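Working notes, beginning with the structure itself.
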Amino acid sequence: HTSSQSLSAPIPARGDMSLRDKARDGSKTAQQQTASWTDWTLLFCFFLFPTLSMYDGSSIGALLPSLQQYFGTSDSATASLKTFMSLAHSIGLALMWLFGDMLPKRTTFYSAVGLWIVFSFASVVVNENQFWLFVIFRSAQNLFVEIATLSVAVFQADRFKGRMLPLSIMCTQFGIFVGGPISSTVNAFFVSSGNWKVALAIAPTILIPSAILTSFFLKSTESQAANRCASILSSALGMLRSKAYIFLMIGQSLGMFFAMSISFWVPSLTLDAFEAFPNTFAGFSYPAVMSIISNIGVVGTVLSLPMVAYLSKTIESGTGIFRCLPSTDLVMPITVVVVGIVPKLCYFGEITFISVNFPISVVCFFFEGFVNILLGVIMQQMLINLAPAHRRASAISLIRLVEAVVRIPASQLIGWLSDLFHGDETTSESRYYSLRNALLCIWVVYWLTTVFYLLLARYYRQDIAKARESERRHAMQSTPLLSRTSSVISGKYDVISIAS
């Protein structure tokens, strides 16, 4: 019956087949873009996890005066809390880099979330003589926070397709941006009241219903068993064969290096400028100036969300203003190169105009927040595209691990350059100029990110093709032999039918 149908059906021309394939691909894309209420619920939960992670991490810094008063610790002992938490953060990244793709995703995620909650509550029941126990609990909590948030990034790529993927990434990026400012605002109340234990219990309390709600919808997402790699190194180092991935990692690490330098030294730079050039700030007090600088970026981020949602959809499909490009695969890296110029100019304006024209500096802070979330969404999408599904945990963990290592000396290097520039001068004006010049030296190096993103664009298309081929081979190896044999036999009969 199949042979007679094949004989009677006309053989389509090459052009007709192409149109039909395009129509089929378009219908698949439309189906992928149809989101159910389950998808929207998961999207909201995936937004909460990184938001609570940033909130919880920022709470320690905001509550530091209350912690010192409660435990009676010196500054050096209190600083050890941040050191051990940073060490735990790096250990969590390293563990996920080495073993993340070998472990069952859902089990790993819920184990990490459960231990995150346990150690969070354990840290608020210690008494005033147990500071080092508090350090241990918060460090362990930080380790499992990192494992949980990395698992969320992997679940995003596995669960969402079409326009839902960039939308989900945008929500998590937004949560990362606003988690810190929300923490500073909320914890300011608890610092004044002295009830730091309630402040640290907020995040795990919200986390419990979020984890329970997510568990109802992630049951069917783990379609693959744990990845059985031949060795740990073959899984951990597999992504280093991708040139585009390496250039993306170098570009993001350089960007993080400069961003950490700016975020750490902006308060000192602003204070020196405020003391040396008070007339520039139009009568605002220093707390008011810092409040404006801290919140204007968040305002820019919030106002950019509709634009980011629209551009993410058009970038993914290569439509709208991106139709002129020869290939949709080039849209993302070229957008990163072009749009990435904006924050570089904004950083220059923030550094130089803070002492000359405060409103211009505020505008620069606004556009930095306006643009950075778009770049974060696109770069996360590129990372997902470059990483095969069975290596996503290692790929995401390795980039974050390298970023964490690279940004460690960032603040120290700026401080060393600033001391070198101002010498024995101790006036506010000399401190401002020396710190400004130190930041400008690093700002020049920051432009190297453009070079690496151009190299990324050069290899992006072919490395995406290699990633898809690696996924196909891995799927074939994971499929039972009987199923593969049946598929091959079925494919042979289809070929014979078409030939006849």
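Glycine is no exception: its Cβ is also placed from the backbone N, Cα and C atoms.
The average pLDDT the prediction assigns to the domain 'Major facilitator superfamily (MFS) profile' (42-461) is 84. Among the features that TrEMBL reports, domain 'Major facilitator superfamily (MFS) profile' is placed at 42-461.
The region 'Disordered' feature in TrEMBL is assigned to 1-25.
Marked as transmembrane segment by TrEMBL: 40-64 (among others).
Sequence-distant contacts of the transmembrane segment (84-100) (same chain, six or more residues past either end, CB-CB distance under 8 Å): 57, 60, 108, 135-136, 138-140, 142-147, 150, 154, 232, 235-236, 393-394, 396-398, 400-401, 404-405, 408. Sequence annotations record features per position, and here TrEMBL assigns transmembrane segment to 84-100 (among others).
If one looks beyond the transmembrane segment (107-125) by at least 6 residues along the same chain, the residues whose Cβ comes under 8 Å of a Cβ in the stretch are 49, 56, 100, 134, 137-138, 140-141, 144-145, 147-148, 151-152, 155, 197, 200-201, 203-204, 207-208, 211, 215, 218. Summarising the annotation, TrEMBL assigns transmembrane segment to 107-125 (among others).
Annotation source TrEMBL lists transmembrane segment at 131-155 (among others).
Residues 43-44, 46-59, 62-63, 66, 152-153, 156, 159-160, 196, 198-199, 202, 294-295, 297-298, 301-302, 305, 308-309, 312, 369, 372-373, 376-377, 380-381 of the same chain sit 6 or more residues outside the transmembrane segment (167-190) yet have a Cβ under 8 Å from a Cβ within it. Positions annotated as transmembrane segment by TrEMBL: 167-190 (among others).
Sequence annotations record features per position, and here TrEMBL assigns transmembrane segment to 196-218 (among others).
The transmembrane segment annotation in TrEMBL covers 244-266 (among others).
A Cβ distance under 8 Å defines the sequence-distant neighbours of the transmembrane segment (286-309), meaning residues of its chain 6+ beyond its ends; these are 166-167, 170, 174, 177-178, 181, 184, 266-267, 270-271, 274, 358, 361-362, 365-374, 377. Taken from TrEMBL, the feature transmembrane segment covers 286-309 (among others).
Residues 258, 262, 266, 269-270, 273, 280, 311, 315, 318, 322, 360-361, 363-365, 367-368, 371-372, 374-375, 378-379, 381-382, 385, 436, 439-440, 443, 446-447, 449-450, 453-454, 456-457, 460-461 of the same chain, all 6+ positions outside the transmembrane segment (330-354), place their C-beta atoms under 8 angstroms from a C-beta of that stretch. Summarising the annotation, TrEMBL assigns transmembrane segment to 330-354 (among others).
Listed by sequence, the residues of this chain that lie at least six past the ends of the transmembrane segment (360-378) yet keep a Cβ under 8 A from its Cβ atoms are 166, 169-170, 173-174, 176-177, 292-293, 296-301, 303-305, 307-308, 311-312, 315, 332, 335-336, 339-340, 342-343, 345-350, 353-354. Annotation comment: TrEMBL describes 360-378 (among others) as transmembrane segment.
The transmembrane segment feature in TrEMBL is assigned to 398-417 (among others).
Annotation comment: TrEMBL describes 437-456 (among others) as transmembrane segment.
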Sequence-remote contacts (6 or more beyond its ends) of the transmembrane segment (398-417), Cβ cut-off under 8 Å?
86, 89-90, 93-94, 97, 150, 236, 239, 248-249, 252-254, 256-258, 260-261, 264-265, 383, 434-435, 437-439, 441-442
Between the transmembrane segment (40-64) and the transmembrane segment (196-218), are there three or more C-beta pairs closer than 8 Å, counting only pairs 6 or more apart along the chain?
yes
Cβ under 8 Å to the transmembrane segment (131-155), counting only same-chain residues 6 or more beyond its ends: which ones?
46, 49-50, 53, 56-57, 60, 71, 73, 77, 80-81, 84-85, 87-89, 91-93, 95-96, 100, 105, 108-109, 112-113, 115-116, 119-120, 122-123, 172, 218, 221, 380, 392-393, 396-397, 400
